[in-house]
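Quick look at what Swiss-Prot lists:
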| type | residues | note |
| --- | --- | --- |
| BINDING | His190, Asp192, His249 | Fe cation binding site |
| BINDING | Lys264 | 2-oxoglutarate binding site |
| DOMAIN | 165-273 | domain 'Fe2OG dioxygenase' |
Amino acid sequence: MASISYDGLLRGAAKDIQTLTEASLVHGYFNLELDCPEGKQLREDVLFLESFTKEIFDTPSPQKTIYDFKKLGRFRTTGFKPLGIEEGAKGKSDGFEMFMLPQNELLLPSHQDKLQSPSAVFSHRATLTRCMSNYDAASQLILRRITESLNLDNALLAAHNPSEPSVTNLGFLRYPPQPATSENCGHIAHTDVGTLTILAATQRGLQVINSETQDWTFVDPHPQNEFLLVQFGDCLKFLSGGRVVPSIHRVIPSDNPEEREGTKYTLAYFVRPNEEAVIKDDRGEEWVYGDYHCRKFGAFARPLKEGDRDRMPDRPVGEYDMINIRKFKGLADGVSAA
């Protein structure tokens with residue numbers, strides 16, 4: 001997998017900009033090397049967030065019910081998602097529990113009194129705010145460099161104005177052990193609804209489409225957090241005029257038997273446009289981003305029927321999705337993804 005230096009992006013180094021261009025047009029993802037002071041701060045943030053993840057999931061069940069993500073706003077960017085309420089991989093229920101923190105309530109002064117979260121969040125609010133701010137800085141840099149490298153107009157940056165309310169959030173995911181006999185399995189194959197997703201994980205499980213073989217490949221985690229994985233989503237494709245390739249991915253149990261017996265934790269920073277940003281989808285239809293976001297999240301929540309197996313790109317499905325994924329990426333007849 002291609003690696004791009006955070007320091008190189010800051011400096012505008014030609015090698016890293018070229019690698020970013022290739023990742024945008026061909027692969028849909030890259031590893032961000034945390035090799036500068038800003039990157040080292042992100043590494044420290046991830047260490048803190050990993051410890052916070054375990055603390056937040058120790059929240060008593062009655063409190064989790066109070067802060068259920070479906071009760072806390074139409075965008076579903078805050079609160080707890082229980083295990084197994086959506087479709088997972090391989091025709092099973094999903095295999096993860098999730099807690100979400102909204103960026104607006106941490107970074108925008110106009111929203112800071114609206115935060116609804118368990119006491120653990122308020123106990124660490126200052127540190128969580130710092131972490132969110134550092135993630136935001138990294139994402140703004142990546143979007144700026146993509147805009148420059150692809151000679152895009154200002155639409156991408158204008159849709160991610162940091163002073164305006166967005167649908168960006170930080171997700172904490174916990175995957176309990178999932179043996180073959182489990183009724184739960186990872187996460188259904190999909191593209192992310194937003195623009196970027198910045199990931200750190202404690203073990204294998206995430207799979208992406210290898211642009212050379214056009215088949216699933218595991219993404220190796222980085223235990224020392226020297227790299228973060230960056231994936232591109234639907235809105236980066238839309239706001240680049242269809243040029244950027246979104247990353248189709250899924251989560252299944254690790255192929256390492258020892259890891260399958262343990263609990264997996266993942267941090268996911270979901271970069272999404274401003275609530276009122278206007279995007280144009282693959283069909284040429286214009287959407288206010290907040291409405292598009294709710295539409296796709298609603299698709300994830302709907303039970304999938306056998307007759308819906310070809311509903312790409314909304315919901316590629318587990319073991320049935322490879323033909324549709326190739327069609328979606330323009331690869332059914334060997335056409336380059338670029």
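Positions of Cβ are set from backbone N, Cα and C atoms, glycine also.
Projection of Swiss-Prot feature records onto the structure.
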{"residue": "Asp192", "record": "Fe cation binding site", "contacts (Cβ under 8 Å, 6+ apart)": "Gln231, Gly233, Asp234, Pro246, Ser247, Phe270"}
{"residue": "His249", "record": "Fe cation binding site", "contacts (Cβ under 8 Å, 6+ apart)": "Ala189, His190, Thr191, Leu206, Gln207, Val208, Ile209, Gln231"}
{"residue": "Lys264", "record": "2-oxoglutarate binding site", "contacts (Cβ under 8 Å, 6+ apart)": "Arg174, Tyr175, Ala201, Thr202, Gln203, Gly205, Ser254"}
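When secondary structure is read from DSSP and collapsed to three states, Lys264 (2-oxoglutarate binding site) falls in the strand class.
Neighbours of His190 (Fe cation binding site), defined as other CB atoms within 10 A of its CB across all chains, total 24. DSSP gives His249 (Fe cation binding site) a strand state. The secondary structure of His190 (Fe cation binding site), as reduced to three states from DSSP, is extended strand.
Helix, strand and coil content of the domain 'Fe2OG dioxygenase' (165-273), in residues and according to DSSP, is 10 helix, 43 strand, 56 coil.
The Fe cation site is defined by His190, Asp192, His249, and by the 8 Å test on Cβ atoms against their centroid, the other residues of the chain that qualify are His187, Ala189, Thr191, Thr197, Gln231, Gly233, Pro246, Ser247, Ile248, Arg250.
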